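**Student:** Pasting a structure here, questions to come.
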Amino acid sequence: MKMFDNIKNVGKLIRLERIFDKKSEKTVIIPMDHGVSSGPLDGLKDMRITTNAVADGGANAVLGHKGLVRHGHRGYGRDIGLIIHMSAGTSLSPDPNKKVIVTTVEDAMRLGADAVSLHVNVGAETDFEMYRDLGLISETCEQWGMPLIAMMYPRGPKIEDEKDPEVVAHAARLGAELGADIIKTNYTGDPDTFKEVVKGCPAPIVIAGGPKTNTDEEFLQMVKDAMHAGGKGVASGRNVFQHKDVKGITSAICKIVHEDVEVKEALKEIKI
């Protein structure tokens, strides 16, 4: 894949091929790590059901904490990639923006992971600790040939707008500079400004799905715009696992990301 030409680690390349579509060179990831931060949300009470639905819908990978492997494993062979999330923090904490490391790259390998992810809140009062973790874990990932996804979110006392193009661009660049292979961050809400974010980041960017949108059309149009602006995929949780038709919305996203179909055409995948 051309976007990974700068990666010389064969182990990383092999694993990246498992979570990126060969033809489109893009990915659809379904994060399911919300149980740690927010508790047993609707759509995640039985992770195996949700994993089955998104796999049937064509998602390239699911992302979650190591408990996802035990409670959400399909047992159907390799039909969907696995990304182990290494960071944790809860809404019950005095500082919800603080994320700590709760597992290791080696543990993720034992669990069969195709990649690991790390959460960094850029601008949080403890952001320097998360920067340190990202830098050190990127070295471990390099040693083991494990792709690293950095979730770079502008959040903190000085952040007035989490979608501000300048702060999103800074957050994305920061993640790439500290060693991440893939960046997950906010879509700015506008294709032109997001193009500038992409230009300023040497690592491919996957957009976050964000809070649940009012309509499917609104959400899918965001995905469409982001892909045309240079995004290399989408990582969407609540807009997928809390949907009435999890398989259908996953398939609709895949149609846009991998086949570049129009939103109206993609909406036909949703049956409920």
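Note: Cβ is positioned from N, Cα and C throughout, glycine not excepted.
OK, Swiss-Prot features for this one:
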- Asp33: active site, proton acceptor (ACT_SITE)
- Tyr153: active site, proton donor (ACT_SITE)
- Lys184: active site, schiff-base intermediate with substrate (ACT_SITE)
- Asp33, His34, Gly35, Val36, Ser37, Tyr153, Pro154, Arg155, Gly209, Gly210, Gly237, Arg238: 1-deoxy-D-threo-hexo-2,5-diulose 6-phosphate binding site (BINDING)
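For each feature listed, report its degree of burial, its nearest neighbours and the pertinent distances within the displayed model.
**Tutor:** In sequence order, Leu63, Gly64, His65, Leu68, His85, Gly237 are the residues of the chain that are 6 or more apart from Asp33 (active site, proton acceptor) and have a CB within less than 8 Å of its CB.
With a cut-off of 8 Å between CB atoms and residues at least 6 apart in sequence, the same chain places His119, Val120, Asn121, Val122, Glu162, Ala171, Thr185, Asn186, Ala208 near Tyr153 (active site, proton donor), listed in sequence order.
Residues near Lys184 (active site, schiff-base intermediate with substrate) in space but far in sequence (CB under 8 A, at least 6 apart, same chain), listed by position: Ile29, Ser117, Ile149, Ala150, Met151, Met152, Ile205, Val206, Ile207, Ala208, Ala235.
Of all Cβ atoms in the shown protein chains, 27 besides its own fall within 10 Å of the Cβ of Pro154 (1-deoxy-D-threo-hexo-2,5-diulose 6-phosphate binding site).
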